[in-house]
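For reference, the structure is listed below as structure tokens.
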Amino acid sequence: MRRSRMLKKESPNVSRHLNENVRTMKEQFSYGLNKDFSMRSLTIAFNQKQGRMFYYSSTVNGEQMNLHIIKPLLENEGKDITDIVSVNNIQALTDFETIKEYINSGKAVLFVDHDSQAYGMDIASFEHRNIFKAENENVIKGPQDAFTESLNANISLIRKQLHQSQLINEGIQVGERSKNEVNILYNKDLVNPDILENVRQRIKDINVDTVRNIELLEQYLEERPYSLIPTILYTEKPDKATSYLEDGFIILLMDTSAAALIVPVNFWCFFHTPEDRYLRFLYGNFSRAIRLLCFFLSSLISAIYVAVSNFHSEMIPPDLLLAITASRERVPFPLIFEVIIMEVAFELIREAGVRIPNPLGPTIGIVGALILGQAAVEANIISPIIVIIAAVSGLSSFALSEININFTIRISRFIFIFAAGFFGMLSLVGAFLLFVMYTASIKSFGVPYFSPMSPHFLSPNDTIFRKVIRREWLRPNYLKPKDLVKKRHR
Amino acid sequence: MKGHVFFIAIAMIMLTGCFDRIELEQQSYVIAVGIDKTEEEGQYNYTYQIANPAVGSAAVQSGPNEPPAEIVTVKGSDILGATNTANSFVSKKITLDHTKIIVISEELARSKDFLGIIQSGSRTPQIRRGVELVVSKESASDFINNNQPIMEQRPHKYYQFMLSRAKQTGIIPNATLHRFFQITEGDADLFLGIYATTMQSDQKDNGEQDQYIAGEIPQRGGSPTQFMGSAVFKEGQMIDTLTGEETRFSHILDKTMDMKDFLATMPDPVKPDFRITYDYSQKQSPQIDFTYHKNKPSTIKVEIPFQIEVIAIPSLVDYSQNRKGRQKLRKAIIQRFEEKTSAFIEQSQTQYRSDPFYWSLYARPHFKNIKAYEKADWHKKIYPNAEVSVTYKMDKLEFGKMINDSKINEVRD
Amino acid sequence: MQNQGFLQTKEIFAIVLMLVAIKAADSTPSLFAQKAQNGFWLIPIVSFVVIFPSFLLMIYLLKRFRDKNLMELIESILGKTIGKLISIIIFLFAFSTLTLDSRNYVEQIKVLYFPESPTIFIFFIFIGVSFFGAKKGIEVIGYTSWIALPIIKISFFTLIWLVLGSMVYERIFPIFGSGLPVILSEGVKKAAIFAELFFLLIAYKAAKEEAMFRKGAVVASIIAFLEIIAFYFIYITVFDYNSVEKIAFPFHDIAQYVQFGQFFTNIETLFMVFWLFAAYLKFIVFLYLIAWMFGTIFHIKNFEPLLLPLAYLVIIAGLLPFNSIYNEFVLRENLLMIMSPFFILLPFMLWFIALWKGELKR
């Protein structure tokens, strides 16, 4: 805070003398040393005054600059600079602080002799990828496009789906040294003003040098950084973001990330994918049922196996019991150790698989399958049933594709395994209950985590299962939207 | 740093576990327990049949000489104590959770001590109420040792299949520990235990199916073990055996026992030299109408709905299309059942002075409280003096999938 | 107190059901069966008939006095000194119920599933989990109860469904067991099996609106009552009177007896898991209520830090009884007999005094 005030004090206003301004600019941006910082001198045609334009050659669109700024300035007649220049956004600037921000965010600034204001012109064009298919949130049925690292592209992807004047795109500056912009998207007629104000305030309260992208912003925004449970939803799919906008949620975007943040959220948001709604009622709910099963399998199956076989062996049907016992007779480790070995091995493959360079990708499959499967069993390191258990628990974790909840489950799985090894079902049930209670106590921007199931709120009841789409005529009331009832299809 | 130490400590505790934690391979799973008398008073021989996990498992190659089960016998005063003793020469902890049957030698079953022994067993949660009681003609340890099933090598599979199939055909009763305690503690009715043997001493060949008890069935090849008939327990003590057929009648008359269907033969009513084979099935439980009279004998009216499917008519009499023949057959079947049932009931009234059908249930609504009910005394007063009338009601008479038998004479012509 | 008025009828309903209905699955039935033999399933009916009017009257009083919980109501009717005294008595009742019950539950777990572990160890785990759960506050308890409720009930109904085949309805006869007088007197003497309903009134202001609490509590108590009757009926029809007297934990015995087809024969652990969920939740609720009572009596607004010492006290006191049979059949029975007249009469006494003082006329 203090530093920024000092900076402000130093930054003087634009002077009437061009030379003075040019000197200040050169000083501030280390002209000459900073290679892509460019200055262009020109004589403006209509008033025959000297002008100097400053910009980063790497961040502006050169063609646009020539066509819409330089050419008109050199050739056209008119009264005022704003009339002559044909870029879509031109702003008169008076202090150097703002000018700096402008240039840093990729715009060009024009100084004119004997003019106490400068002109900021938006011809910024940061390089970014084109719009590709979503890589991590795959759907079979539904739009395939994904956000890319460009704010304009991202907003255009959203606006394409939502033709509404009530859809507001608000910008807030964040960061002290590098001022980046966070865009808040919401539907003016729906959003709950308290939550919106809360979000705004939290973004404003972020007091750090830079917030480079949305992934970092997520961590600055959340209430409980040490918690196992995510409270902000991260998505790379514009259609998912839009569907939340429609219900009165708030979307955060930044220029530097190919993803959006959705706030506030509850548990179910992490559990859903957009495809649930694109698929027909039964199909979508079937896939949800499978995913629910995966949730339990992934977090609990290893723990249950440990608890049952170490403490409650009477529960296993005799054939299976004898089979497991036979295969375990030559294994040198306690059962819980076996399970942990396999789970760790699986995590290992997974982590390596993410980091491995693409050409080596197939190798990991072969090595992993060999190590984890046959070789380990044949070497009597583990018993074959553990391979099945670890495979099931690992595989089911992929069904929960949301990256945050995915980590939650993978970590909690280990907690449950330890709990199960401690006192069997007694401690496992205790641990699970406490886990559920802890989750229930979490609030995301004031919204209880298990709402609308408990505490109950009017809502489309889109929790574990969803209703037929034509019967979803409410918006989730836990957001306290301004308008609860949707237009109803009868 | 403190956090790390704490975490490691917790992890150590959890990995090493405590008290009740035991690895699967550190346990021996008992499938059958046998109990025998010894010369000493209060001491019994306990035989444990312990499943060998390596046999029949695809994952592990077992040696060719490994038997599917290890059988050990120890002396002890009660089942838990004996289990403890057995651990001195069984390498792993003996677990009774998967016990399927308890075998009792007939000698022990007929002695007064039996109830005490079996009650001490039920105190542990390890022995389930679903465990079946089997009474063996020989000593229980001989029974378990001689029992060498050929196809189902794993003992639990063998018992499971053997008992469930035999129960479906009604030749052995449903004899869970649960039922034993209810009937014995209820102090009315008779409990039927499964009767079995591996000794085939006096084989009878009397032509009539199912009038055997275990050991009497003529058999060649196969496993020597026979499950047939039942052991009758009165007040926790064995008093007699019932043949397979009699056991079936108890099934028919008792609504708490399930029986699917069975095949039986009877003399052909038209040509008595031949026998007819039929399939009896009972879809509904019997209707029992009990009227209590305080000072004179109570009456019990039993009505049994049943269905018959005739399977073979070697005499070639055309019953299926001849109305008169059908009537005759129908009458003969009903008469045969009624006679046999009445005889059996009478036997129970005079000989056992109690019933193996759980009929005391129907007497209970006639009393307001247990004191009055117990005073009325089912065993001594009500049942032995009751007038029982049995009627069979045939719902259906079917003739299988063939409309008529081919005439042998014509074929041979 | 972390209460932002999110609790509604559903959550209150779930909390009450958790607290009361699990009585169907502990060792209370064998306590009854000792005296009434196979008429024991009728005892809760008598008890409920006796104690439910008092409960309704209590709710009526709370409704009239508005914005007061149980202890505050008693104090405002009876005056500071006597009110405090009565409140402390109720607290002691609740505390001893909790202590004896917890010992009972711990014994069930130990005997059936952890025979080789020391009681104190299981006690610490059990109450420890309850403590951490209670620490989350009444709202979270409410949410969790509501979410867990369907799962627990489904598992219980699965058990009923599995055991249906083993039920013999004639076993309820002779209908009055040891005789009608025994059942009636036992029913009145042990009416306090529903005492939890009164302890619960300390949370009267927990819901968003008081009407929600009233509705939830009354409906749930009726459902809990029906559930208890249903389970007792099952116990008697499955076990018959001579056996049920000897069985300490009929719920678990049934769970051990049932099988799911031929292959899954020993499935009691499955039911034990859901039973454990219910048991944990019961003690979480109970512990929280007790801390709340204590806080109200001694005007401690922020009573949640009290949970830890109270939980510790429960363990220490719970370990005192010499053995579980003594705990169940002497201490618990006596406590029920002392509490019954107290809770049957207290609401009427309060009502009369309030009427006499003219406080109900408004």
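Even glycines carry a Cβ here, placed using N, Cα and C.
Annotated transmembrane segment per TrEMBL: C:12-33, C:39-62, C:82-100, C:112-134, C:146-167, C:187-204, C:216-236, C:270-294, C:306-326, C:338-356, in sequence order.
Long-range contacts of the transmembrane segment (C:82-100) within the same chain: residues 70-71, 74-76, 195-196, 198-199, 283, 286-287, 289-290, 293-294, 296-297, 310, 313-314, 317-318, 321, 327, 331-332, 335, 338-339, 342, 346, each at least 6 residues beyond the stretch ends and with a Cβ under 8 Å from a Cβ of the stretch.
Counted over residue pairs 6 or more apart, the CB atoms of the transmembrane segment (C:270-294) and the transmembrane segment (C:216-236) come under 8 Å in fewer than three pairs, which marks the two as apart. If you look at the transmembrane segment (C:112-134) against the transmembrane segment (C:306-326), you find at least three C-beta pairs under 8 angstroms, all six or more positions apart, and that counts as contact. Counting Cβ pairs under 8 Å to the transmembrane segment (C:338-356), the top-ranked stretch among C:39-62, C:146-167, C:187-204, C:306-326 is C:39-62. In this chain, the transmembrane segment (C:187-204) lies in contact with the transmembrane segment (C:39-62); the count of Cβ pairs under 8 Å, excluding pairs fewer than 6 apart in sequence, is at least 3. Sequence-distant neighbours of the transmembrane segment (C:146-167) (same chain, 6+ residues past either end, Cβ-Cβ under 8 Å): 10-11, 13-14, 17-18, 25, 227, 230-231, 234, 237-238, 254-255, 257-260, 270-271, 273-275, 277-278, 281. Panel annotation: around the transmembrane segment (C:187-204), residues 12, 15-16, 19-20, 23, 28, 31-32, 42-52, 55, 58-59, 62, 68-71, 90, 93-94, 97, 138, 210, 213, 217, 221, 225, 286, 289-290, 292-293, 296, 333, 335-340, 342-344, 346 of the same chain, lying at least six beyond its termini, place a Cβ under 8 Å from a Cβ of the stretch.
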